[in-house]
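**Q** Straight out of Swiss-Prot:
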BINDING   Q87, G105, E106, G107, K108, T109, D515  ATP binding site
BINDING   C917, C919, C928, H929  Zn(2+) binding site
Amino acid sequence: MTTGFLQKIFGSRNQRLVKQYQKTVATINALETQIEKLTDDQLRGKTDEFRQRVAAGESLDKLLPEAFAVCREASRRVLKMRHFDVQMIGGMVLHYGKIAEMRTGEGKTLVATLPVYLNALAGRGVHVVTVNDYLAQRDAEWMARLYNFLGLSVGINLSGMEHDQKQQAYAADITYGTNNEFGFDYLRDNMVYETDARVQRALNFAVVDEVDSILIDEARTPLIISGQAEDHTELYVRMNALPPLLERQIGEEKADGTGVEKPGDYTLDEKARQVFLTESGHEKAERLLAEWGLIGEGESLYAPQNITLMHHVYAALRAHTLFHKDQHYVVQNGEVVIVDEFTGRLMAGRRWSDGLHQAVEAKEHVKIQSENQTLASITFQNYFRMYAKLAGMTGTADTEAYEFNEIYGLETVVIPTNRPPKRIDKQDQIYKTAKERYDAVIRDIRDCYERGQPVLVGTTSIENSELLSHLLKQAGLPHEVLNAKQHEREAAIVAEAGRPKRITIATNMAGRGTDIVLGGNAEKQAAFIEADDSIPADEKARRIQKLHDEWETLHEEVKAAGGLHIIGTERHESRRIDNQLRGRAGRQGDPGSSRFYLSLDDPLLRIFAGDRVRSIMDRLKMPEGEAIEAGIVTRSIESAQRKVEARNFDIRKQLLEYDDVSNDQRKVIYQQRNELLEAHDITETITAMRHGVITEVVRQFVPEGSIEEQWDVPELEEALRNDWQLDLAIQEMVNESSSITAEEILDAVTTAADEQYEAKVAMVGRESFSAFERSVMLQTVDRLWREHLAALDHLRQGIHLRGYAQKNPKQEYKREAFELFAAMLDAIKQEVTRIVMNVQIQSPEQLEEAAEQIEERGGHLENVEYQHADYADAGAPVANVTTAAAAATATADMVGSAMTHGGPGGEMPKVGRNDPCPCGSGKKYKQCHGKLS
């Protein structure tokens with residue numbers, strides 16, 4: 001109550017910020033008259049002036065009013081668009097590293113030009129991040145005219161581009177691209193073997209469009225670069241026969257033995273998207289697998305040798321019970337393609353991890369692709385937190401403001417609309433069954449059609465959109481369907497969705513990137529005429545004018561009919577997605593309306609609020625076809641959505657806490673990798689490693705401070721001879737001296753190792769040998785890092801079981817991950833030292849041959865794939881990995897298998913030698929993992 005009272009007096013934080021920014025807008029507006037008087041050349045010259053002032057130490061904040069005024073004037077001249085005052089406020093919000101919530105149609109693309117221009121003046125690069133290649137290319141080409149006029153260069157970073165093109169794109173002042181491509185480039189840059197093979201510069205400033213979609217919806221899904229691992233194709237096919245033979249148990253057994261309505265072999269937890277075998281299910285599965293010869297008679301599925309089979313059983317069960325065709329995936333050209341549950345788009349090239357995708361392929365009887373081994377991975381949460389400054393814009397961020405602040409430290413500012421909104425959001429209507437709901441939807445659509453009002457119908461799955469399309473055909477209502485299957489025609493359909501009597505069915509409208517203009521999009525049609533070279537210029541002008549006149553008439557006609565009407569056929573788990581659908585209507589002060597039609601069969605209602613609403617309907621004795629339309633029910637649904645959002649936030653936060661562990665380790669490895677690439681000579685590093693490894697070997701047989709009776713000299717001699725190519729007569733030394741110490745033996749072995757090393761260097765030359773050492777070191781680091789990622793993944797899968805032993809799983813994960821990391825660093829030192837000491841080199845040519853062999857060892861990883869696998873929704877673990885035992889054994893002779901391709905990535909923030917080590921040990925970096933470098 002006190003908070004509300006104080007807000008009335010002082011206003012909310014949002015209002016205070018907007019008020020503060022309005023003062024700066026007044027300063028910018030005051031400059032407009034003098035900026036307007038400048039010639040084009042003088043206006044362009046302002047960029048050079050600003051750059052010089054920044055180079056002289058003037059801050060961007062101080063430059064903001066002038067730079068924004070120049071950008072606005074340039075936009076007016078080049079794009080024929082002048083930024084509104086509220087757009088200037090949006091630009092300031094982005095410049096100060098916050099999230100701007102701007103309603104659909106308020107011109108987010110134009111708003112971004114202000115902070116992008118200002119920050120590009122510093123010359124450190126600005127990234128504009130969009131959700132797909134189409135939008136990246138469209139926005140870059142559209143806004144490049146403005147930036148080029150102002151003397152700035154623009155690059156586009158698209159998937160499938162050549163290495164040189166990518167380097168040029170990143171070298172530009174402003175780079176447009178997708179979140180996936182920026183992330184993959186960062187990972188690839190940390191897999192290269194030459195410094196000039198990198199493409200990214202330091203991560204300076206990013207403006208993220210549709211920030212909620214990228215930083216929240218996709219936060220649970222890591223970017224994964226993977227290569228092929230072992231082949232289990234036959235096993236997936238055989239396991240596919242199991243789920244149809246098992247029955248689902250209805251109800252869950254309680255402590256008193258009650259609760260099971262119908263016994264069965266497995267239970268489904270739809271809320272957590274998991275499936276579990278019951279006791280009888282285990283017995284039945286074991287019996288069937290024994291009959292098929294997959295396990296021995298009387299063997300348990302939990303026997304060590306059958307753990308892999310257990311994994312396949314659960315993958316097959318999940319594929320059959322939790323993942324449904326045309327809802328979670330489609331089958332296209334003989335492949336299973338994932339459907340993004342938030343946007344309804346097809347995610348070609350992405351695969352579910354942990355064998356789930358292969359299980360779905362087996363279920364659909366299409367070709368089963370090989371499983372993969374993770375080479376590198378990162379989540380968007382950790383990638384975007386590496387930027388020195390991050391900002392974002394979206395139409396719907398306020399519901400997730402807490403999460404943006406908690407995880408990314410980003411404040412959300414709601415920007416006022418340029419014109420007051422006129423959309424009417426009607427009460428939800430809830431029906432008992434899906435049939436009654438669809439009947440009501442068809443009635444509403446018919447009513448709008450007869451009145452000439454355009455309708456956009458939102459569905460949550462392809463299956464529902466096709467069902468509704470079928471019902472509309474039966475009702476004789478012409479319509480367009482916009483879902484993942486119609487990707488190519490998408491922009492054209494959206495452009496015309498605002499015409500009179502137009503009916504458009506769409507899976508979730510998030511990230512579509514095209515405004516629905518009342519009366520249709522005349523600009524798009526005009527662009528087609530403009531691009532047609534066969535039409536004479538005067539005829540073009542006449543046709544375009546006629547087009548605009550027709551549009552004016554249609555525009556007024558649609559406004560009179562009530563504007564665009566939005567119909568939601570189901571509530572989404574997230575209020576934000578519902579708001580995105582609603583936000584398509586009422587753009588820039590146009591009229592519009594929205595209504596959601598729900599049924600008690602909807603997953604959200606059934607899982608979270610069904611019983612309560614059903615009891616209300618039963619008490620009211622609602623006749624068939626009658627709907628509930630009450631605030632209490634709508635509030636009940638919103639409460640259910642809030643619960644789901646809170647649960648999803650907890651999942652993302654928990655995931656981040658686990659991922660932070662591997663992220664800290666990734667920072668150490670990538671920093672050391674970059675230091676290796678940039679160092680001219682790594683002799684000191686190699687020498688320190690050799691001395692450390694030799695010391696460990698000697699201490700095994702001749703402990704520090706020990707006496708002769710405790711030594712095992714014959715074993716030491718054998719170990720040095722077999723493993724390190726050092727043939728030393730240590731026993732003779734001991735026999736000849738009556739007072740030799742353990743330290744003297746260590747010194748003798750170390751000296752012999754140094755002499756052997758120097759002899760090899762002398763044979764081929766310092767420069768050649770140093771290049772060989774760098775190659776060995778990089779390959780070893782990469783291979784052992786891959787195996788470490790697999791080990792972390794296996795650790796992550798089973799860590800929750802520590803809770804049963806009254807231990808904190810997160811703390812246990814951190815502790816064991818640190819131990820694994822320390823073991824990996826030791827293994828790197830051992831492996832590199834062994835290779836360098838064992839390699840037999842007579843000439844520089846032989847050395848080159850050895851280096852080539854090292855490169856070729858990565859052959860089994862040549863089929864590299866880039867994935868953004870939705871493992872969280874699949875209930876699958878973080879990385880799609882199969883243990884690389886084969887990869888480990890292949891390295892026993894000379895060196896481990898290696899990456900065979902180079903590529904992109906950004907510079908790691910440096911860890912100072914006296915800073916705390918990022919691994920979390922509490923020690924200084926130089927005394928912990930910094931020892932490696």
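Placed from the backbone N, Cα and C atoms, the Cβ positions cover glycine too.
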**Q** Report the residues of the chain - excluding Q87, G105, E106, G107, K108, T109, D515 - with C-beta within 8 Å of the mean position of the site's C-beta atoms, for the recorded ATP site, in sequence order.
**A** M102, T104, L110, V111
**Q** I'd like to know which of the binding-site residues Q87, T109 has the most other Cβ atoms within 10 Å of its Cβ.
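**A** Top count of Cβ atoms within 10 Å goes to Q87.
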**Q** So which of the binding-site residues is most packed in, judged by how many other Cβ atoms lie within 10 Å of its Cβ, out of G105, G107?
**A** G105
**Q** Taking Q87, G105, E106, G107, K108, T109, D515 as the record's ATP-binding set, what's the max Cα pairwise distance in Å, rounded to a whole number?
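**A** Answer in Å: the longest Cα-Cα distance is 17.
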**Q** Out of E106, D515, which of the binding-site residues has the smallest number of neighbouring Cβ atoms within 10 Å?
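**A** The binding-site residues E106, D515 were compared, and D515 has the fewest Cβ atoms within 10 Å.
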**Q** To see if you understand the setup: which same-chain residues, six or more apart in sequence, place their Cβ under 8 Å from that of K108 (ATP binding site)?
**A** G90, A100, M102, D209, M393, T394, G395
